[in-house]
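Here the structure is laid out as structure tokens; the discussion comes afterwards.
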């Protein structure tokens, strides 16, 4: 397999596309490679099932003006236009104009009026490509945040087969041009937007790693609205190369400040799926974003997990308003849906914060997002609790609805957090349980954690990661719950009835 474009993970990789042969011969070849003294690592790259987190509705509106003429006309020095915008679908962007029940929105207009629109911030949409010459995207298109992993070139234009609208729709939510009389308005309409075409073909660990590690010093935010199958059965996450790409991103990206990885939390709620079974949303390196409907309710597809940090608006059913954005080819839509639509809105809001304070690190961003998220519009949903420091928290909505105005204000004055320290404890059950774990049997484990007092202690808790290896007859019946000393309860893994 010939690999062109950008190298990834600062190493030399040789990818060889094998011909069809017996699985045994493939295993033998990989083992011989691993045993070679000059080979550090070898693994057969197999396609992984990755799904887009939206639902397709047919509501496409073509742009009313010629797209090529429009691109030329509006490629002018960028200033914040005067509100309200002339874009025909702007008034239908209910989540920006106080159109949710109770007059709520995500307070983006306040951030705009403070002068923030995402200038000098680069966002890359990891998806099925973006239509870079769309009249609402071309002015903001960033070739340095774009590539085509599927066809091994630098052009992220999606294949025009009717199934590859997703990435373009996500890009429009972030960076659609404001005031050009096309479609609606992007949250960060002065940001730079690119796309990685990586979902329109077999998605292996190396494909994901190449996407996540593209131009990490140039790209500020990576937005991903996909993940493992949301079927209530799958338990999957990033492979070793993708995990390394995440780690390199937060350690070295943005010249050491760390890349921001925004992830859609998942659409498997109707199948009783949980984003706890998704290794992308549970990673401490990502900001997992959930969804709320225009009436401030839990949508039917929402997945619950303690790793969701915040919420943006999205769709509910076909009788309720969804998200307005651009569409392929050269059109507009009112029907972008699912947590797929929530993650790009969050990425756009985060771009506003990075314009307000470009020095925010990846950990700073998590702090300011959770501190400014507003739980009030969503408190009519069940499941809220108050954690040990007095914040409302929900496995459905994280810390609440993102508030762009509050976020940029806090970002401006935020003092960067100190270097992160990690403290690892291991607990091993000496003997297996003498009785089978069936029915309502409950087993409790207590672990005293001092914070690694020797060396560099952990003084303020940011993340808790639990890596558990459990032999259990029916995985779907297993429930894992973490209790903090202050009484905060986190359901790390709920029962999943679809799993046999």
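Yeah, the Cβs are placed from backbone N, Cα and C, and that goes for glycine too.
According to TrEMBL, the features are:
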ACT_SITE  127  active site, charge relay system
ACT_SITE  166  active site, charge relay system
ACT_SITE  340  active site, charge relay system
DOMAIN    416-500  domain 'P/Homo B'
REGION    146-168  region 'Disordered'
Neighbourhood of residue 340 (active site, charge relay system) by C-beta distance under 8 A, where only residues 6 or more apart in the same chain count: 52, 53, 54, 166, 169, 170, 225, 226, 264, 267
Composition by DSSP (helix, strand, coil) of residues within the domain 'P/Homo B' (416-500): 3 helix, 9 strand, 73 coil
Residue counts (helix, strand, coil, in that order) that DSSP gives for the region 'Disordered' (146-168): 3 helix, 3 strand, 17 coil
For the region 'Disordered' (146-168), sequence-distant contacts whose Cβ falls under 8 Å of one of its Cβ atoms, 6 or more beyond its ends: 2-6, 52, 54, 124-125, 127-134, 137, 194-201, 207, 210-211, 214, 225, 326-329, 333, 340
Spatial neighbours of residue 127 (active site, charge relay system) that are distant in sequence (at least 6 apart) but have CB under 8 A: 52, 166, 167, 170, 195, 196, 197, 198, 199, 224, 225, 226
Three-state secondary structure, which DSSP defines for residue 340 (active site, charge relay system): helix
Other C-beta atoms that fall within 10 angstroms of the C-beta of residue 166 (active site, charge relay system): 26
DSSP-derived class (H/G/I helix, E/B strand, else coil) of residue 127 (active site, charge relay system): strand
Model confidence over the domain 'P/Homo B' (416-500), averaged pLDDT: 80
